[in-house]
Amino acid sequence: MVRYKQTMEILKIMRNLEQVRNIGITAHVDHGKTTLSDSLLAAAGIISEKIAGEALALDYLDVEQRRGITVKSANISLYHEYKGKPYVINLIDTPGHVDFSAKTTRAMRVIDGAILVVDAVEGVMTQTEMYLRAALEERVRPVLFINKVDRLIKELRLSPQEIQQRFVQIIKEVNQLIAMYADKEFKTKWQLDPAKGQVAFGSARDRWGFTVPMAKQKGIKFSDIVDLYKKGKEALPELQKLAPLHEAVLDMVVKFIPNPREAQKYRLPKIWHGDLNSEIGKAMLETDPNGPLVMLVNDVRIDPHAGLVATGRVFSGTLRAGEEVWLVNARMKQKVLQVSLYMGPYRELADEIVAGNIAAVLGLDKARAGETVVAVEYKDMMTPFEKLRMISEPVVTVAIEPKNPRDLPKLIDALHKLSIEDPSLVVRINEETGEYLLSGMGPLHIEIALTFLKENYGLDVIASQPIIVYRESIRDKSRVFEGKSPNKHNKLYISVEPLDEKTISLIHDGIITEDMDPKQRAKVLREEAGWPTDQARRIWAIDENINVFVDLTTGVQHLREVKDTIIQGFRLAMREGPLAMEPVRGVKVILHDAIIHEDPAHRGPGQIYPAVRNAIYAGMLTAKPTLLEPIQKLDIKAPMEYLGNITTIITKKRGKILQVLQQGAVARIIAEIPVAETFDLAEQLRGATAGKAIWGQEFSRWAPVPDSMLLDLVRKIRERKGLKPEPPRPEDFIGF
């Protein structure tokens, strides 16, 4: 009955926003996020006390239990009492492995605070910094939990003094990151002060923890904890009673994480660029339960019994079953069939969920992560939420086919569902070879997806060796080329040139988008990237790989009628470039003039697409074409004596050492290395450091492949795709 009673209690408290907190737990892989979540669940009576710390209740996929890492973000609503008052804490546990970082960035959008978990032994690592930065960019307030303190006592046998020094170092590093990445008004305000209780220390596995004020109040001395560990395992219950972990962490959350009404006031201007003085804007700023319904979807799951479940935060209004809503991005109406809240893998039904809370919804089967849901009558007044920025990009691909050809329809269906749940997995069909291509953030991401296909859909698949995804680009301007339609009745005059770095970063960061107000976009491009006025005003399209189509024509007859076809032709040409049929990145395509046939029958897609493609391809092949390869940033920590070995490995793999820092007897090496060179990196690093290196990696940027390797690489990619090894020449597309 505990769960039922709690659900009823929780639904009641959810109406009073002062008693609600929306938080996430985020950390580097293996620093103990999910174990912390479990200890919090045990305290809320959702899993038994005995198995907490080992249960990994939020890791409810078998894959996660076995690997001991979180793959998806899981949600739960917890009940907690602080100073005699009940609170609801909506908790999201997010993945820490870099291959799953897209899930973490999506979770940041719907929470107001984050518990940053740092391993006391490993300290601040790459992903710690990456996720803290993502949180601060979304104006999510951090608190800190320093975990695995038991390892400092038992394994490293540090004295209380040394342990304290370790704590001071970690807090200092986290505060430096807050000062570096937080918006101006929060740089000082959000600095963490252990004396105030903004940092908790403890062991999630052994389920104890304390903050400085709590230790003072209860008379706990650190030497008491060290003494209890000397007594061995049987002393743990005493320690758990003395310093209950959930009390330390959840009291800290209630005290320092703002409630949804407070948080939306300063978070909304950052994540929503609509008119804050409009009816919708005011309702969201006030988190008004009686305002127009607005919900932001941050996650979708396929439930084998119920179909698609969309999870998200209600920013204003009240979400009720049976109501019709408008999906802004999908541009369609759908009906809310069921509203519920999450208790780990369970969904508990609710009649309604009010603004400021996290809800799970059935019925919105066309919703995807990032969708803005609004009451139907406001559909024409709603500006969608800002696009979510992903930390990584899909850089590794495998070709897959079912072992049994009869399973092909089943595989297509499973891949479709998988790409809905995880938008950072990209599924494509190679039209020429009929292969299904699955692209992900890294080898582990792909591996988990394949395991998922086998275990959830019973599909045995054959997968190729992982292939690196490249991008095609150019380094020079081309002259204007004439692209003719096959029937010779339509002619398009097109040139190409590389986009400058500033424009690329404006598009990548979501500051410039295809569907923003053209005048506003032109202003930003002129002022920030130095675009000429005529070009800045006349952008027709921006595709997902950061290519831009500009129309500089004047007075061309019938051009309006074929505009959409030309844009579609541009998108198709950018999907597969001329050099190796890899996606194109960072190219500006300019239409200078055109002759279009007056009869619609002579200017259909079959005529316009080839004209667009041929002119673009010829232009690219004369503009110093190249391939870009994905580069990863590495952050390695190892004992000082292995520095030489690590440097040798990185330089052999075409890597570059960016920085070497000495932290006591430990060297921290920041480096960059091409993804193509990382497949056996883990084994090599372990071998060269006797297993003592710890490291994290994240996607850094795209960089041109060295000229000495370019032609050979192009030939290899073309051969793999069943194309002629030699790249085409401009005259293959345009009659000179």
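Including glycine, each Cβ sits where the backbone N, Cα and C put it.
Feature annotations, courtesy of Swiss-Prot:
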DOMAIN    18-261  domain 'tr-type G'
BINDING   27-34, 93-97, 147-150  GTP binding site
MOD_RES   HIS602  diphthamide
Note to self: Spatially, which candidate from the binding-site residues ALA27, ASP30, VAL149 is nearest to HIS602 (diphthamide), comparing Cα atoms?
What the structure shows: ALA27
Margin query: I'd like to know the mean pLDDT over the domain 'tr-type G' (18-261).
Written below: 80
Check: Can you count the other CB atoms that lie within 10 A of the CB of VAL149 (GTP binding site)?
Finding: 26
Item checked: All-chain count of other Cβ atoms within 10 Å of ASP30 (GTP binding site) -> 17
Checklist line | Per-residue Cβ crowding (10 Å cut-off), top of recorded positions ALA27, HIS602 | finding: ALA27
